[in-house]
Amino acid sequence: MGFPRLWAALLRNWGRWTARPGPRVPGLPPMAGNKVPPALASHQPDRKGRGGWVWEETEHPAKRVKGGEDEEPPRKLPKRKIVLLMAYSGKGYHGMQRNLGSSQFRTIEDDLVSALVQAGCIPENHGTDMRKMSFQRCARTDKPLRTSACFCLYTGFLFRWGVSAAGQVVSLKVWLIDDILDKINSHLPSHIRILGLKRVTGGFNSKNKCDARTYCYMLPTFAFAHKDRDVQDESYRLSAETLQQVNRLLACYKGTHNFHNFTSQKGPREPSARRYILEMYCEEPFVREGLEFAVIKVKGQSFMMHQIRKMVGLVVAIVKGYAPESVLERSWGEEKVDVPKAPGLGLVLERVHFEKYNQRFGGDGLHEPLDWTQEEGKVTAFKEQYIYPTIVSTERDERSMAQWLNTLPIHNFSGTALGAADTGAKVPSSLEGSEGDGDTD
């Protein structure tokens, strides 16, 4: 039935309708007999009723007026994809990665997310679900919960060291508010700093776009003294000959090798155990508070849990005379080799590299290259103020290196370690190291 016919039928039958008794709408006159209601006749917005029938307006209510003037809703800032250059001292933290539901394990990201919310960079609900802001880190700097920020037990003492970072990079979406760096840093403790910010492409992921990572390991040079000397001889000074031997051994790690003996719960036939090391060397020693230190630097595509600490530990064992040099080559074979793990105190994430991203987007005129050359001064100042003093003072107070050196005679470097039988077994993913997610040392 078309609309004209429906309208005509409505008008013909209007007079047959009987008004039911009912209260009139206050302020409205009663409808008369069979008269067509004004709402149908003229489509006027007046509200009229016939008996118990009431015609309601279909118009939307007018905009609410406050203060006599129409108020426009506040404009929302668009979210932009950025990267943040972070530096932090990891002592007292259980790694970098946040662990929701485990408040007793405090991490660096707990403090960072809280600062982002308080600064007004992200909504509060993004703090509980970091996926909403597309958050990603280049490296975790400790396996959360499982390693408990490098818990080590030596002779009855429990030490906790979290890996520090001078050049951690995280990617996320934020509101680019004014003075964003100053506002974020104002809500962070002094040992966690945001040193730089850069805009990146919308699909940028700091973990996947990272080509390589550089770590440094700071240790007292008495670790290289021969095993016949006192385990903590603070008068020891690293000779040029010993430094040359150390660098010769460290250079052996360059290239692609099977590092299944340098991590935990990984078989020798797993493809993920093969890692590529670009360079590894020891710098000239220096003296801090009467104690001589040296810094070992290693650059690789990615690292497994404990890999760097075991690489350092095996070289120390060889230089001290506990292990033969042949054990280095043997550790890359399929047999299980007992490789000692150096303390986590001196390990620092130095820098992350984005060479491929810089080649593609760094010179397109729209994006900046991620090289952080302008922030080098801030990075150096942070290391000198927070990271190096913490390592030196903790080493003096807790004697972590000396305690670990006392355990080297326990290791058996000539035989095969226990548990070598099941060399090809695949370890469940929940127990594996975090290949592809940066270093979890």
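One-based numbering along the chain as shown.
Glycine residues also receive a Cβ, built from the backbone N, Cα and C atoms like all the rest.
According to TrEMBL:
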- D142: active site, nucleophile (ACT_SITE)
- Y215: substrate binding site (BINDING)
- 57-68: compositional bias 'Basic and acidic residues' (COMPBIAS)
- 253-355: domain 'Pseudouridine synthase I TruA alpha/beta' (DOMAIN)
- 32-75: region 'Disordered' (REGION)
- 421-441: region 'Disordered' (REGION)
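Residue counts for the domain 'Pseudouridine synthase I TruA alpha/beta' (253-355) under DSSP, helix first, then strand, then coil, are 26 helix, 33 strand, 44 coil. Packing around Y215 (substrate binding site) is summarised by its Cβ count: 27 other Cβ atoms lie within 10 angstroms of its Cβ, all protein chains included. On the 0 to 100 pLDDT scale, the domain 'Pseudouridine synthase I TruA alpha/beta' (253-355) averages 95 in the predicted structure.
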